[in-house]
């Protein structure tokens, strides 16, 4: 959603902070909020003026006409305010059809004034600009301001100056107040623009001799501008409309939505309701709600929501478990229904999202059975067969009744089944597997089809009979612009269209190339890509079986210069970059069409794009769209889904039906419906779900009217806006003569007691004429073919098509099979069609899922269990969860081996490298490369040597004598500095810990007996730290209970123990590197006097 209402308190706080005007605004920041939890003593301490002034009190919960409802207390003392609040605060009230609790009130100073000092001011956004309304008689009885007020349109990118205000708005205002009003309205408009408001109303605005008072205020801001206005807005709150509570679950889903690139929405309508929905797609979610309400389920509909934009399995799981948790809290005598619906996805992996839902169903299978929940599923899109399979499987394994349907079933048919209006088929038709389409594309003969390169009736000149006409039922203000109806160029795309793709969207580009290939285009439609975050290079793609290279440019200018044949740009930039990149694109005259995919571009910026596009003669599709498709010619990005859907919906060749919709998912559903009921799609465009799409329904309908190959037009309209009325006008005035089938979704909105913002930003009616019901009625009366519901849309399309065929306007042609396109390896593997031995294997770590996993343990569990470094090392090195004492011992080993001064070879090398100006990694590596048999490598050797002696059964004295006889050193014995008289405290600390905590220490005991023998000969032949760690580690591996004897011996043999020294000493080496850098030590050169130069005598003579 884009425009969101804010509370009066928030609106005034922002206005008082940021408005710039010469008018003296009084009572700045004088307001106090009261809730049922308010501490009055604290309130009086924070707002002492409450005791000294007369007061006004009113609810601040987005309630209109509070004065007429008796919800404003005027000219009261503080005690009077308390008395007035007593029967109201926390109590239930009914406002229109909505019933809710009054729990948020605003107290302000009372302003004595006369009726003549009250004025009305309102600013609101439209496509063309911002309207400023002013009426010289404000207050409770202002009446119909649209009819009475002075109105001034400030066009996009234009400024409002005080002289225009005086001339056009303050015509009837008192002369002595014109100056102050003009200054205030000018400042108010600048404030409105700067903080991205979409609606701002002050009634009354009171102007007295003391200055300006803002008594009542209502406002909406563009929530998508948060990234621009965050500093000024702060943490702004968006309260729910009166009559609907704010639930923590809604806030949780909103938080998930904010953290995700996908779209996740949830609105609770009736938590005790019987019918729950979990629908994929903004448009589809509205259609399902419509159908439920049409079939009499409005009072039982529990929620509205949608998920779209390819959420991950984990995100879908979180969304699903929230809904399942809500619906299993209260029982219903008739059981409950969960509708998991959706249109045909364009790029969302249905199997991945369904696996998240399946996880949630498994987690809640007990409560679901207890509450007698029946689930109905219908979905299509990439890998949907696998998604439906796992959904059906979970029904069998859990015993929950789950009815599963695919694209062979009409999208909303499951609603009728769920509510008992139509039978549930025992065995629905089985859709072909994804791979079947690709391996045998010509197998389906369900629809007669033409060649791939021409429409059925491209060459026919017969004009279609005009649609039947009737008197239009349009409100006078429904068509704001009186300009004549004119279309832009009728052809946006052809078989030779070339495009540049902005963004590293390799999957979308490959999809476009596969579409081009299956349409038998001569060349790929993507000429180049632009991506500012890399240097110029080439990206590899497939053209059928052949690999090709597509250039990627860092700068758009280079791409345009080297590809002058390009006239389309597909913009995949993020919502933060989409505006700037689109503005830059329009500087190049070669570009005639731009598709903006991003959702969430602020409306004010979109209007600037529209204005510049009109000046440049550029057609914009979007924002917030999947794009469009012209079968046999060109497709934008992910439109039409993957190849299986392209082939199933016959999108590889043109038909005779053109459509335009707002929703990307619903456009794919139209592809499916049209392919099943007619000869197929000629062209289809999804203009996007924002309130101000770059191109409108009428722009494309007029193109279709002027395109000979299009014989009938389908429009899927939507609640919000008045664009559909232009179609009515076009039909009645004879500008549109081809048959038009139209249905506006969102009819359910009129049945809800409180306002619901649907999935698309523009799907909200701001006046009666913007409702879907009003628009459908007007279209019907204008002579457009309007079904009774979306359920009947396919039947109406088929009826109109068959009539055109019967009259010879359309002549179906023979199908020509498309070429076979190979399947990508990655997708074939995803579908389970192929297998290949992996080049690498790993068993310690998995980063592919929602969270990192160490040897089977999620990272969250690692921290929850406080496993520490020792525990993590146990997981990654040994794939075992070690006992607590073992983890502690490992950490102690790392501590005692961390460093042993700068004189040892490894530290010395590190210091030399650091002083030579080398980087951290180079310096560390030079130190590590000295580790071997002479330095630090004794851990493994000592462990092996002592283990072999102990396991062979020879006594310590025999072992010492044997090593002496063989002339070998005993590894782990001896120290240059430490001796039995000067013990190494590191050894002592570890030895005491091991003896105290280890269950058994036979090898350590053996080594200590050896030490007694060696020190008796020479005091420095002690068991050193390497030797102690080596033998103690063997004891730990053998006796901690986590390893078999074979596993313990294997870890010793493969050199695991030397890893302890390497890991520990790395900390010290890094310390030495940082120390030298911090001390700013220069290049080291060894002094001559410390080098003995020994040269051959004959060379020195």
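Cβ from N, Cα, C; glycine included.
Listed in Swiss-Prot:
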DOMAIN    4-265  domain 'ATP-grasp'
BINDING   58, 66, 67, 109, 111, 118, 216  ATP binding site
MOD_RES   131  phosphotyrosine
BINDING   257, 260, 262  Mg(2+) binding site
MOD_RES   263  phosphoserine
BINDING   309, 346, 348, 364, 379  citrate binding site
REGION    440-485  region 'Disordered'
COMPBIAS  441-457  compositional bias 'Low complexity'
MOD_RES   451  phosphoserine
MOD_RES   455  phosphoserine
MOD_RES   459  phosphoserine
MOD_RES   481  phosphoserine
MOD_RES   663  phosphoserine
MOD_RES   682  phosphotyrosine
ACT_SITE  760  active site, tele-phosphohistidine intermediate
MOD_RES   839  phosphoserine
MOD_RES   1100  phosphoserine
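Here the features listed in Swiss-Prot are painted onto the structure.
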residue : record               : CB count, 10 Å
66      : ATP binding site     : 17
118     : ATP binding site     : 22
131     : phosphotyrosine      : 17
216     : ATP binding site     : 21
260     : Mg(2+) binding site  : 17
262     : Mg(2+) binding site  : 18
309     : citrate binding site : 19
348     : citrate binding site : 27
364     : citrate binding site : 22
663     : phosphoserine        : 31
Most Cβ neighbours within 10 Å: which of the binding-site residues 58, 379 is it? 379
Count of other CB atoms lying within 10 Å of the CB belonging to residue 263 (phosphoserine): 21
Should any of the recorded positions 216, 257, 263, 839 have a Cα within 10 Å of the Cα of residue 309 (citrate binding site), which are they? 263
Within 10 angstroms of the C-beta of residue 839 (phosphoserine), the count of other C-beta atoms across all shown chains comes to 5
What is the separation, in Å, between the Cα atoms of residue 348 (citrate binding site) and residue 118 (ATP binding site)? 55
Per the record, citrate is bound by 309, 346, 348, 364, 379: how many Å separate the farthest pair of Cα atoms? 30
On a C-alpha basis, identify the one among 67, 109, 262, 379 that is nearest to residue 682 (phosphotyrosine); the candidates are the binding-site residues. 379
Taking the mean position of the Cβ atoms of 257, 260, 262 as the Mg(2+) site, which residues outside that list, in the same chain, have a Cβ no more than 8 Å away, listed in sequence order? 256, 258, 259, 261, 263, 264, 307, 309, 311, 315
Out of the recorded positions 260, 364, 839, give me the one sitting nearest to residue 67 (ATP binding site) by CA distance. 260
CA pair residue 66 (ATP binding site) / residue 131 (phosphotyrosine), Å rounded to integer, equals 25
If you measure between the CA atoms of residue 262 (Mg(2+) binding site) and residue 111 (ATP binding site) and round to the nearest Å, you get 48
By CA distance, which of the binding-site residues (111, 257, 346, 364) lies nearest to residue 839 (phosphoserine)? 346
Between residue 216 (ATP binding site) and residue 131 (phosphotyrosine), how many Å separate their Cα atoms? 20
Cβ atoms other than its own within 10 Å of the Cβ of residue 346 (citrate binding site), all chains, total 26
Residue 67 (ATP binding site) has how many other Cβ neighbours within 10 Å of its own Cβ? 15
DSSP three-state assignment for residue 58 (ATP binding site): strand
Using a 10 Å cut-off, grab the number of neighbouring Cβ atoms around the Cβ of residue 682 (phosphotyrosine), all chains included. 28
